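J.: Sharing the feature lines straight out of TrEMBL:
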type: TRANSMEM; residues: A:12-31; note: transmembrane segment
type: TRANSMEM; residues: A:57-86; note: transmembrane segment
type: DOMAIN; residues: A:61-250; note: domain 'ABC transmembrane type-1'
type: TRANSMEM; residues: A:98-124; note: transmembrane segment
type: TRANSMEM; residues: A:130-153; note: transmembrane segment
type: TRANSMEM; residues: A:174-196; note: transmembrane segment
type: TRANSMEM; residues: A:234-253; note: transmembrane segment
Amino acid sequence: MRKNGKLSNLYLIIVFIILYAPIFYLTYYSFNSGGTMHDFERFTWEWYKEVFHDTRLFIIVLNTLIVALLAAGISTVLGVIGAIAISNVRRNRTRNTLLSLNNVLIVSPDVIIGASFLIMFTMIGIKLGFISVLISHIAFSVPIVVIMVLPKLQEMSPTLVDAAKDLGASRWDVLSKVVLPFITPGIFAGFFMALTYSLDDFAVTFFVTGNGFSTLSVEIYSMARQGISLTINALSTLIFLFTMVLVVGYYFIAQRNNKAAGMGVRK
Amino acid sequence: MSKTKNIYLIPYVFWIVLFVVAPILLIVYYSFFDIEGHLTIANYEKFFTPVYLKMTLSSFWYAFLITAFTLLISYPAAYILTKTKHKQLWLLLIILPSWINLLLKAYAFIGIFGTYGTANALLEVLGIGSKQILFTDFSFIFVSVYIFIPFMILPIFNALEELNPSLISASRDLGANSWTTFKRVIFPLTLDGVKSGCQAVFIPALSLFMITRLIAGNRVITLGTAIEQHFLVTMDWGMGSTIAVFLVIIMVLMMLLTGKRKRGV
């Protein structure tokens, strides 16, 4: 293989710098006692203290985590059921139709998902708030889990299931003793993806959240619209560190499963 | 093969009907109502007035520019990436920023592009003098491109990885220079990656609304901004739905255009 020249390495480095600059910029100024994102005055932990003393913010962080964990958990269950359902369908046309419908929510712009869910919740009469946010997060996470689990199911040899049935396993035994253990890596990957999608989502949540309920993204948006506040910088640094831990964890799970190409991309 | 019923289908199809089919139908249904709740096609008539057509066109133009610039930056980056030593690690590092909340990155640019921000400080040093950068078309496109780069690099990287290196060697052996090899062999064979990358950028670029609000200061109005405006500010759900219907149509067209088909040269 041909080696990279100096120029191309430089190009790559510039791309890296640009990609990371805003993140480090935020972190750098989160320690600025001056209170602005220019003219660094003195080093301070003030903004971090403010983050930790803000009970409202603490509740919002808690909300975000609860929604993400619940949504990821429930959508993982639904997604696994969905993936098994799709792989059990024998007719090609039905399966392709199901798969296309599954992908609709992945490719639709967030604005449309948000707007249509808003209409639906209002029509059914679900109060906007925790429940509506949770349901939407589950809804848009299910197809992601399906996508992550399906390849694992297709890798599985059907003879395994046949063998289990021949040996007298019930439907439940087949599922819990044969199928689920085999697809566990896919399930974990799906759960993590759903978690990150849910933690990150802004646009959909923005539409379906009422007045009383807020997640971090929505809160950051309204804070940012009011202008610069270094509390956001401190908060973002903490989120950055948390995300790093999550991603590294996910990366090692993916590595262990020897699935190098399993890195999904957010919308 | 045993013909047991596929009971797993029941909850899954229930989910599809409730959260995929119903929302789309509701959007279409609502697009036929005006703000007072009367059945009408006025929204569609309104969409074809110059105001909305101009907005759609400019939205397209911005999305096109964003996609083009993203591609221009990402293709070489993906290409160089495939040639590095620890490419999976580097790829992870490229993708990592995409995991950071989009709003935080947009917020960072408010600082960088602000009146006293780093960008202006740099312009001062260069002797150009400070300029209004935030709330301009430039800042909007720059930040959008910044956000979409990882989504473009990934599919192109994967396409380049699948490329059989012996094809490049063959092209070299037959006397093609680097440029010809790229133009005739590498680029055509990675076109699928480019297409899915463009798909991953173009549609979201049409529907971004938080970036336009935070960075472009409402100077740029995309289809996404208009939908958000109609749904959450003016509460004219009918008009918002109408715009959403068109966005869906554009999305479907885009998918058909860039979908994985056999290349019929």
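Backbone N, Cα and C define each Cβ position, glycine as well.
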J.: Decide whether the stretches the transmembrane segment (A:174-196) and the transmembrane segment (A:98-124) have at least 3 CB pairs under 8 angstroms, with pairs required to be 6 or more apart in sequence.
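T.: Contact between the transmembrane segment (A:98-124) and the transmembrane segment (A:174-196): absent, because fewer than 3 Cβ pairs are under 8 Å.
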J.: Can you name the far-off residues of the same chain, 6+ from the ends of the transmembrane segment (A:98-124), with a Cβ under 8 Å from a Cβ of it?
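T.: Contacts of the transmembrane segment (A:98-124) (Cβ under 8 Å, skipping residues fewer than 6 from its ends): 82, 85-86, 89, 132, 135-136, 139-140, 142-144, 146-147, 201-208, 267.
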J.: Go through the chain and flag residues at least 6 beyond the ends of the transmembrane segment (A:234-253) whose CB is under 8 A from any CB in it; none is fine as an answer.
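T.: Non-local partners: 23, 26-27, 30, 47-48, 50-51, 57, 185, 188-189, 192, 195-196, 199, 216, 220.
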